[in-house]
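The following features are taken from Swiss-Prot:
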type	residues	note
DOMAIN	9-207	domain 'Glutamine amidotransferase type-1'
ACT_SITE	C86	active site, nucleophile
ACT_SITE	H181	active site
ACT_SITE	E183	active site
DOMAIN	208-400	domain 'GMPS ATP-PPase'
BINDING	S235, G236, G237, V238, D239, S240, S241	ATP binding site
Amino acid sequence: MTQDIHAHRILILDFGSQYTQLIARRVREAGVYCEIYAWDAPETAIRDFGAAGFILSGGPESMTVDNGPRVPEAVFQAGVPVLGICYGMQAMAGQLGGRVEASDHKEFGYARVRARGHSRLLRDIEDHASPEGWGLLDVWMSHGDRVTGLPPGFKLIASTESCPIAGIGDDERGYYGVQFHPEVTHTPQGARILSRFVHEICGCPADWTPGNIVDDLIERVRRQVGGDKVLLGLSGGVDSSVVAALLHRAIGDQLTCVFVDNGLLRKDEGDQVMATFARHMGVNVIRVDAEARFLEALKGVDDPERKRKIIGNMFIEVFDEQAARLTEVDWLAQGTIYPDVIESAGSATGKAHVIKSHHNVGGLPEDMTLKLVEPLRELFKDEVRRIGLELGLPADMVYRHPFPGPGLGVRILGEVRKEYADLLREADAIFIEELRAHDLYDQVSQAFAVFLPVKSVGVTGDGRRYEYVVALRAVETIDFMTARWAHLPYEFLDHVSRRIINEIPGISRVAYDISGKPPATIEWE
C-alpha cells in the first residue's frame, strides 16, 4: 500500500481570477495536493473535502456591491488556515468585520511592497531591504477596491504608498490576506510565500512528487480495472503517450493501444510512436493506416470547421472499427487532464466565473458499453510532462510543442490534398530541425509551418519556378491565451528559408508570420 498523497490537501476557492489554475500549480509545485472549487460550491462539499487550509483566489467582482461573491461560512468554521489573494483578501476582511471600499486609484502591474516581517507568512521573505531595514517585495498588483479597515484580531503585514493595507494577518488563527498576486512569476518571492503557507502554516508535507504520483496512479489503476482489458487511442501527443506508458507499467499486456495514422501527422511521427511504444517499451499497439480514408473524406472541403468535424468523426469511426474487433475489452482509457474537468457543476448558484466544461473526447457514443479510466484527470499539463519523464518517456516527446488534434488538416489552408500534406511535412521538419540545431526550440512555445494553396514565381538558376508558398509561425506565450510572435534571428530565418526552397521541389517562397495573439490566433485555421 503506497502512502496517501491526498491526505494533506489544500482547497482553492475560485472567485473568477484568470490566475486560479496558476495558484493550484504553484501549490502542487510545492509538493502539496490541491483542488479548485467554485466559490459557491455546496457547503457540504467544502466541509467534506477535509482541507488542511484554504486559498481564496482573486476575481473580477467587488465586495462593495450587495451581491458580491462571499466566502462560504464553512471556510471559517473549519478551524484551519486561510489565505486570501486580492479579491479573496477583500472578501475575507469584509466578512470578518473589516472595511472594504472602492478606490479612485486602481493598481495594475508592478509594485513594491513594504513587508513587515513580524508575521509568520512573510517573515524573512524579501527581494530588497530599505535604508531603514524594512523588507521590500517586488509584486504584481491587479485591483480596484481595497481594504481600508482591519478586521478584529488582524494586524498589518504589508503596505505600499498607494495601498496602505496590502497585507493582513492573524497569526493565531492562521488567517492571511495579500492584495498582490503571489502565484504569478512577476512576484519573484511568490512561490516562497505560498510554500510557507502550505508547509509551515497549514502543516502539509511535500508528498506530491512525481515518484509518489506514479506509485499512487499505478495502484489506483490496478484497483480500478483489476484483471480487465483496457483500450487506448494513442495519438502520439503528450497526454495519450503518458497514459500509455503509465497503463503499461500498471497492467502490462492488459493494455491494447490503437494508433490511427491519418496521413496528417508530422514527418516520421507514426514510426516514432511505434518505435517508442511497440518496440522499445513492448506495448501492444495496433497501427491503422487510414490516410486514404481521411483524404477521401476531406476531398473538396475547404471550411476549417467542417474539416475539423470530418477528421474527428473519421477518427472515431476508424477507432470504433478496431474496438469492435477486440471483444474482450472492458475499459476505454483517455488522456483527460485536470483543466478539462474543472467545470461549472461545482457551482451551486451558477454565478461563479469558472472554466467551461470540456470532455477529452466529444464523440463518445451514448450507448457506449466500455467503462472509462482516466488516470491523469487530477493532473495539470506540466505535471503530466514530469510524470512522463518519471515513466521513462524521451524528453523530446514529453516536451514537444503542441500539435492540433486535426493535425496538418488545419495547417493546410483550404482543401487538404496528399501533395500539400507531403510538402508541408518536409517544410515543417526542416524548421523544427533547425530550431533544435540552433538551441531555439525550447525558447519558443510553439513553432510550425503552414501550407498556403497559392503559387508564386521563383527563380532557380536560369529557370523560372511557379510553385507553392509556406509560412513559418513561432510564438512565445505563458498560457496560450495571448502570445507574441517569436523574434527569431534574421540569419536563422534566412537559413531555414533557403533550405526549404532548395531542398523541397514544389515550394518557391517562404514567409514568416509576425502576428500576435490577439488579434490573430496561433493556428491559422
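In case you wondered, yes, glycine gets a Cβ from its N, Cα and C as well.
Structure with Swiss-Prot features highlighted.
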residue: C86; record: active site, nucleophile; CB count, 10 Å: 26
residue: H181; record: active site; CB count, 10 Å: 23
residue: E183; record: active site; CB count, 10 Å: 28
residue: S235; record: ATP binding site; CB count, 10 Å: 23
residue: G236; record: ATP binding site; CB count, 10 Å: 22
residue: G237; record: ATP binding site; CB count, 10 Å: 17
residue: V238; record: ATP binding site; CB count, 10 Å: 23
residue: D239; record: ATP binding site; CB count, 10 Å: 20
residue: S240; record: ATP binding site; CB count, 10 Å: 21
residue: S241; record: ATP binding site; CB count, 10 Å: 25
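Listed in chain order, the extra residues whose Cβ falls within 8 Å of the Cβ center of the ATP site residues S235, G236, G237, V238, D239, S240, S241 are L234, V242, V243, G335. In the predicted model, residues of the domain 'Glutamine amidotransferase type-1' (9-207) average a pLDDT of 92. In three-state terms derived from DSSP, V238 (ATP binding site) belongs to a helical segment.
Put simply, of the active-site residues C86, H181, E183, the one whose Cα is nearest the Cα of D239 (ATP binding site) is E183.
G237 (ATP binding site) sits 28 Å from E183 (active site), taking the Cα positions as reference.
A gap of 29 Å separates the Cα atoms of S241 (ATP binding site) and E183 (active site). Spacing of H181 (active site) relative to the residue listed as 'active site, nucleophile' is 7 Å (Cα to Cα, whole number). The secondary structure of E183 (active site), as reduced to three states from DSSP, is coil rather than helix or strand. Across the structure, S235 (ATP binding site) and E183 (active site) place their CA atoms 33 angstrom apart. The separation of C86 (active site, nucleophile) from V238 (ATP binding site), Cα to Cα, is 34 Å. With respect to E183 (active site), the closest of these recorded positions in Cα terms is C86, chosen from C86, G236, S240.
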